[in-house]
Structures are given as C-alpha cells and as structure tokens.
Amino acid sequence: MSTETAPDRVADRPQSGRLRSSRMVGWDGAVVVVTALFIVIAALTVEHFGTSRNAGFLILDLAPVLLLALPMTLIIVTGEIDLSVASTVGLTSSAMGVMWNNGLPLETIMPLCVVIGAVLGAVNGIFVTALGLPSLAVTIGTLALYRGLAFVLLGDTAVADFPRDFTGWTIGDLGASSIPNVLIPMLVIAGLFAAVLHATPTGRAIVATGANATAASFAGIPVGRVKFWLYVTSGAVAGLVGVFWTLRYSSARADNAAGLELTVVAAVLLGGVSIFGGKGTLPGVLAGVVLLTSLQNALRLADVSTEALTVVTGSLLIVSVLAPNVVTAVRTTLSRRRARLRMTPTS
Amino acid sequence: MTLVARPTDSAPTTRTGSTLLDAVLRFRALGLLIALVAMVAATAAVNSRFVSQQSIRDILLGAAITILLAVGMTVVVLTRGIDLSVGSVLGLSAYVTADFLQVNPGTPVPVAMLLGLAIGAGCGLVNGAVIHFGKVPALVATLGTLYVFRGIVYFVAGGSRINASDMPRGFLDFGTDRVLGIPYLIIVSLVVVVLAGVFLSRYRAGRDMYALGSSPEAAKLAGIPAGRRLLTAYVLCGALAGLGGVLHAARFGTVDASAGSGMELNVVAAVVVGGVAIFGGSGTVFGAALGALLLTVISNALPVLSVDQFWQQAIVGALILGAIGLDRFVGLRVSASLRRKDSHVD
Amino acid sequence: MSASRTRRVRAFTSAALGLSLALTVAACGGTTQDSNEDEGGGGDEPAATADAGGEFETGLSIAMLPKSVNNPYFDASSEGAEAAVGELEGEYEYTGPSDTAASSQVSYINTLSQQAADVILLSANDPNALCSSLEQARAAGTSVVTFDSDVDPSCRDAFVSQVDGAEVGRTLIEMMSEQIGGEGQIAILSATANATNQNAWIAVIEEELANNPDYANVELVATVYGDDEDEKSFQETQGLLQANPELKGIISPTTVGIAAAARYLQGSEYKGQIALTGLGTPNQMREFVKDGTVTEFALWDPTALGELAAYAGAAVASGIITGAEGDTFTAGELGEYTVGADGVIILGPPTRFNADNIDDFDF
C-alpha cells in the first residue's frame, strides 16, 4: 500500500503541517461527536435502543470488530493493510474445535489459539517485510489460504459441545449488573493499544513509518521490524477473537467471522484513519466502531430491511474518506480566495 | 514491480530493444501454460474423461465469465487501481437483465448484452468518479460499492428468484448453444480478450494505462489525461462485469440476489496469477485470461482427482502468494541484470 | 528503540495471553471434552401444562426469521405464515439477514427479543450457535418454534418439520430406483456437508440401499456438496459425471442443487442419459420437466409449512401446547396436528411433481 501511494501522497499534500493536523483532529472529533449524538438521538427515538439489555447485546456484537480494529488501526497507520484477520479468526476457531475434539483442556487450547493466530500473523509479516511484497496482495492471498485451511481442518462440521461455564461467562454479565463480562478486558486491551500508539516511542515510530517509510528508516526506525510485529500482534488478537467468537456462539466452525474484515476496515477508516498511512487516532477508531455497530443495531430495531443495512455500511465507508477530502478541497479553495482578496488581483 | 514496466505486451509488435524483458514475459506466460498442461495431463492420467470434448467445453464455459471479469480487472490493476465491486456489479446486471427479459421475452440476445454492458458501465462510472473526483483510494471506494451495489441487488430482487422457465428460450439457448462445437459464451470471452489486448497494446489510450501505473507523476507530466484514462479503466471494468452478468444469467438460467457474491476474490486471484503486477504498470490480458483458465482447471480437476474440495480455497490462496512471490523474484532478477547492462530501468 | 518496540509487543502478546487465560477463572482444573459429557440440556423444563381445548390468543406478535431473506423458498413460507397470523388477528413481521451465517441470525434473535415478540418462527443456520440467544429470548417470554431446520431441542418449544425425515429419504431413493430401472450407480449432490436435514436424508438413503432388497443392484458411488451455490453445484455435477463414467443417476436433495444439476444436464450431452431427481420447487423445475431433462422430483409445500409453523407458534404462546409429546392443536384449514417426540410436529408426506401435475403448482 505504502509504496503504491507514497508518491501520490506527497503530491496531494502540498498543504502546511498545520492544515493537515487540523483536518485530522477535525475528522476524529467529528466522528466522536456524531457517534455521541447518534446514540442520544437513537435512544430517544428508537424503541428498545436505550435499554441496558440492548447495550449488552451491542457490546457483544461490537467486541470482535473492536478488538480486530485495534491492531488494524496500527497496521493501516504504517501504510499497510491486513485483510486476512477474519480468516485468521475462522482458522483459529477451527483449530479450537479440532483440539477440543482431541481432548485437550480448554485452559491449554485458549492460549494456544492466540499463539496460532500470532504465527499466522507472522506469516503475513514475513511476506510483507522480509520479501517486500505488497500487503494488499499478500493478505488477499492469506485471506483465501487461511479460510481454506480452516475448512480443511474442520470441514463443514461444527464443534459445539463447549462447556457452559465458559460459553456462559462469555455472554454473561458481571454479577447482577448488566455490564457484560467481556467489556472490562476489551477496554483494557483498547487502552493498551491507545497508550502504545499515542504515548510511546513505538507509537511515534508507527506513525513515522506510515508518514514516510524512507525518512523513518533514515531516522533509525526499524521499519520492517515494526511492521512485522504489528502483523504478529494482529494475528494474536485475531486468535483471541477466534476464541471469543467460538465461545460466544458455542460453535467452532470454519466459516466463523467470514467477511468480517470488510466491517473492520470500514470501521477503522470511518474513525478517521488514512488509508495512505501516517495518521489516525484510536479514540476516532473506537467511535467509528461504535457508530457502525450501533447504527446497524438501531436500524434493525427500527425494522429497516437488510438491504438498507448493506447500503448504509458501504456508503459510510466511502463517505468517511470522501468527506474529509471534500472539506479540505473547500477549505483550500476558501483560503486561496481569502489570500487572493488580501493580495492584489494579479495572482 | 514497476520495473518491468512499459513494453510488457507479449504482442510481437511491442517488442522493445530489450530481448531480456521479452524472454522474461514469455517465460511467465510459458510457465502458466506449462502449469496448465501439467495439471490437465495429471488429471487426464487419473481419468481420461477429463480431456473429453464435453469436459473441455465445460472447463472453457466455466472460465468464460471469470476471463471477462479478469480482463476488466487487468485494465484497472494496470493503472495501480483495483475493483472489488465486480461480483456485485455482475449480480446487479444479471438480475436486472434477467428481469428485463422476463418482462420482454422478445428481446434479442445482443440487446440483452448491451443492457448488461450499460448497467455495468454505469456502476463503473460511479467507481471511477468516486476514485478520481473524490480522491478516494480505489480499494476503499470499491469496497464500499461492493456493499452498495449488492444492497441495490437485494433491494431490486428482494427474495425473488428468476428461473429458467421465466426467461426466453432463445436467451437460454445462447447460454448452451455452440458454433462449430464452440459455445457462444467462449466466443464472446475470446473476442473481448483479443479486443482488449489490441486496445492495450496498439492504442494510445491503452498504452497510457501502463504509463499511469508505472509512474503516475511521470504520466501526468507527459501530458497523459489521467482522469479520463482512470474513468475509462473503471467504466471498462464495470462494463465487462455487466456483460459477465448477462452471460451468468444465460448459462445458469437461475438468478437471485446473491449471484456473483465473493467472485472478486477469484478474479483478483486470476489476474495476479496471470502475471499482472498488483502495483500496476505491468501485465497483459492474455496472462490474466490464462490465470483465469488455470484456476478453473484446478477447481474442475479437484473433484475428478477426488481431492477433498475443501482444499480448493486454500490452493487459490497459495497460488496468489506463489504468484506474487515469483513476480518479486523475477523482478529482482531483471533489475539486477538490467543494472549490469547499465540500461534504463524505468 | 527497536528493543523497546520488541519488548512492548511481547508485553502485548503476553497481555493477550493473560486475558485469554482469565477466561478460565470460572473453571478450575483442566476442562476437556470428557469432563463435559453430562453438560448441556437444561432450559427445557416442561412449563405449564397444556390447555388442549384452549383458544388462540389474538393480538400476538409473530415474527418469522428465515435462514436468509433473499430466498424464494422462505418467501413462500412467509406467505403462509402471514396468512395464518391474519387469521389469528396477530401482528406479523418477516425479518432476517441476507447471508446465511449463524452469527447474523443471533443479532436478529436479540433484536426480536428486545422488541418483545411473542413468537419467533425460526429456520436455523446452525443447530447450536443460536442456543444461548434463544434461551435469553425465551427467558424474556418469547416462544420459539423452529421450522424447516431445527436447533437443539432444548433451546426451542417445538419444531415444525416439513416431513418425516425417513419418508423423504425413502421417497428419494424410490424415485431414483424407478427412473434407472432398479440398477446402476448413483450419486448424491447435497447442500453443505453439515446441513442437518440433508445429512439425515442421506443417512436414510444409505440405510435403504444397504438393507432393502429392492435396491440390491443400486450402488451409491459418491456424495458431493454444492454448498447451495449455483456455480459450485454446477461444477460438482460436472465432476461427478467425469469421475464416474458408469453413473446412471443423481439425487439432489436441495432446491439449489437440483436446479443447477438440471441446467447442466440440459446443456450437455448427458441430457436424457442421466436420471436426476431430488427436492426442487415446481417453478424452478418446470422448464426441465417439460423438456425431458427431469422426470420426477418431490417437495413439500413451503407455504403450508409456514402456515403450520405460525399456528404452532401461536398455540405455544396461547398455552394450547407446551411442546410435550401428545399435545394437539388445530392449524386452521390444515387440520389437527399432534406433537411427536422431542416436540416435533410433522407437516405431512412430500408431494411428487412430474409432467402430469407440475402446472397445478405455483411456488
């Protein structure tokens, strides 16, 4: 991705750093505000949306998207992409079913799934960094490969006899409250990612890599290694999601989470992360995830048809990139006009 | 990857000074051919019916639609773009065309094909406009329209399905009939491949696609109308997907809202396996067509070889990885030897 | 920098590991499949006793949740259900995902239970993945009746089965045997490999082949899966004919598969040579029956299935039946039905369609 678009980016951004950063903050902020507004309006107008029970369902629905969006954000910020995440979820879910069938204890299986995910991520990482192949093509390849292997492992059968202690915990609430058990771990992980991206040298290295890989490596940032470990992290998180998905639906299947990568990428871009790399914030992404899933939830509650859901998701994705571009174009035109007014009519 | 830039067409007329490049590209097409022949030979050894007339016709028929879409995708990928919405465009065109034929059974087949082309071109225009005027990256834009167009198909079709008995006899015959033993669908695909091949190698607008993909800045500086060319590429890709939809309806005789779902993966795989560089600037429609054919042969051979069909998707994935890895390897070798010869790389 | 980077990533990974381990807090010691044998069940305590002579309540909100909404088969079921709900003066809704993933159905079940639907009529994409959300819905007072495709019996009140599974299997093999003259190789083109219905029918076919002397000379040589996709089913049919030159007939117990196989045969040199039968809708198959590609196939009436499901749902919600064996209720014009073992209600025998009667049906 990065190599593909790097020259364009330079060409398309003659603006000053100030303008760029203000645009970024603008979009992130806008998404957060829009999300908050949307939730308030939906709670007031859509029946059943504002109930604590619905909030619980919503959190369970958005958990896999949110978790996968975290490493995806970092990867896209470096200017790469990982389209294989949902297939990694499927493959770890299949592996979980096979291991369970072979009598392994769940306590061993669950960490193993995370390790398997990390290994799958490392394969992506090697192709992208060591062999220097375009991440788009590599992860489209592993999207097919991992999903195919998931079917090879488990065929079309489902493993469903996971113990209720575990499946119940996954969808259960904390004590007598209506806060789902998974919320706290999810927030902790999200916090970790946010801290790394926004408050550590590692985070700055990630942003620098995406902004200009050549400059970053001249500045001593091990660009390849940063990207490699991001893919490993992405795989590990996908493995964790594979465990969550399997337990939540009490069903290990090869087709689990099929197509989820599109939702994840849509949510990340909606959250204001640039597909060209170099910019993006995790609060924005969190807002993007919440906006996308709560919008779908509200539309369903309002009995809006499935086709509308599909169209809305696709349009949001395009608009999330189109809108900032339009805003910039308008601003540039305005500031040029202002500049022209200030100066003499001859350019 | 853009190293193997401009003079990539294997058409003899575009031969450049570098015989090495020609050799590499021939080697690539040759490699594909060898893989094809090996695959067919191995399968035929297990079951001789695999090379029967009927079987070969089936394989070519199966490949026909993928080839069409792969040709369109090639043009887009050459410009450094990608079009993930082709499956949804195919579905939209297939449904709308079938529905039109249901209402107007007297429609001649060419008119149906034109209708499909027009629907596809319209979708392609939307893609091109969002990408060019909206400055939205192709991946994002077409990922979005993948959803949007599919949503429109759901909207138009609802839960209904158009069955063979609803479509005019003549149109269905077009899906199965043949001239001199060759099914019409294959003829349509071959004509499109040849036309697109000529367009890309002989016409200015076609060659500009390579230039745009090799180096967008240089192309702009050289006065190439980038916007118009990009729009052309996406409209072409959409139109071919639309035509694919018409062929889909004719061949399967059953169309519902899910026609063509997930097809984009196979098309991208065919193009990449066919040696079109995912970063643009290099590749031919002939390679892409061979790639599509190879993938079809593999998926047809698996049941004959009694290989567990679950392997199919894994094999497609492995092929994509293998193909881009090979390209990288060849690219590095070429640039190294070019450097040795002290010639221009770009 | 690089060192700190690596360390941090490692910290990440171990944090992730830790979290996944934290999931195990609820259990102590190793939890393996073996220690799990006696789990499951639960939730199916026979609630109130059935009020067999009771009246249907009016004003019930009844929602149908099909496997996916863009499927003509379920459109037909929905028509039947809507008519029944109209009779019962209830409120009807037809909603569901556009893909056939089990997880998508979960969201819709949650939504319906939020909306406090009285009855959910469900055709399940997965026998187990929906259970927990169905249990939540039932705990909130929604009655769950499955139709067409069942879930684990503990997670629903009743299941309206299109037909007796054994009878479908027997009908299929009987039609095939008639068409190939009682001897030769046959193959099966099914839906997905874990489709509950298809596998049950295939098991019956295999059993009949093994034990019924009428079929002593019929041999099942292959079972392939077209995943209910046109293109895949098409290709699998091609593969079957190539891999088995002696093949006499194909049974396709799925509406998508039989239509794709018929379309392939129609355009190939095998037309009329290979017998094809299975389960298909008359509208899809009319073309192929008229031109002789297909002689006879079978199906139940999906509209009647939807209608019966709606009555069964209303009967559960009104307390007329509880889903226990032996309960009876009247399903409008369809007549009286009795609940069988495991809460299964059977619609009736499948209908066979051929050139003589196909024009009498429109679905």
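Placement of Cβ uses the backbone N, Cα and C atoms for every residue, glycine included.
Curation plays no part in TrEMBL annotations; they are all automatic predictions.
Over in TrEMBL, the protein carries these features:
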- B:27-47: transmembrane segment (TRANSMEM)
- B:59-78: transmembrane segment (TRANSMEM)
- B:113-133: transmembrane segment (TRANSMEM)
- B:139-158: transmembrane segment (TRANSMEM)
- B:179-200: transmembrane segment (TRANSMEM)
- B:231-253: transmembrane segment (TRANSMEM)
- B:265-298: transmembrane segment (TRANSMEM)
- B:310-330: transmembrane segment (TRANSMEM)
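Taking every listed stretch (B:59-78, B:231-253, B:310-330) in turn, the largest tally of C-beta pairs under 8 A with the transmembrane segment (B:265-298) is reached by B:59-78.
At the 8 Å Cβ cutoff, the transmembrane segment (B:59-78) and the transmembrane segment (B:179-200) share at least 3 close pairs (sequence separation 6 or more) and count as touching. The recorded stretches the transmembrane segment (B:113-133) and the transmembrane segment (B:231-253) share 3+ CB pairs below 8 A when only pairs 6 or more apart in sequence are counted, and are therefore in contact.
If you look at the transmembrane segment (B:139-158), the same-chain residues 6 or more away from its ends with a CB under 8 A from one of its CBs are 82-85, 87-89, 91-92, 95-96, 99, 123, 126-127, 130-131, 256-257, 259, 261, 264.
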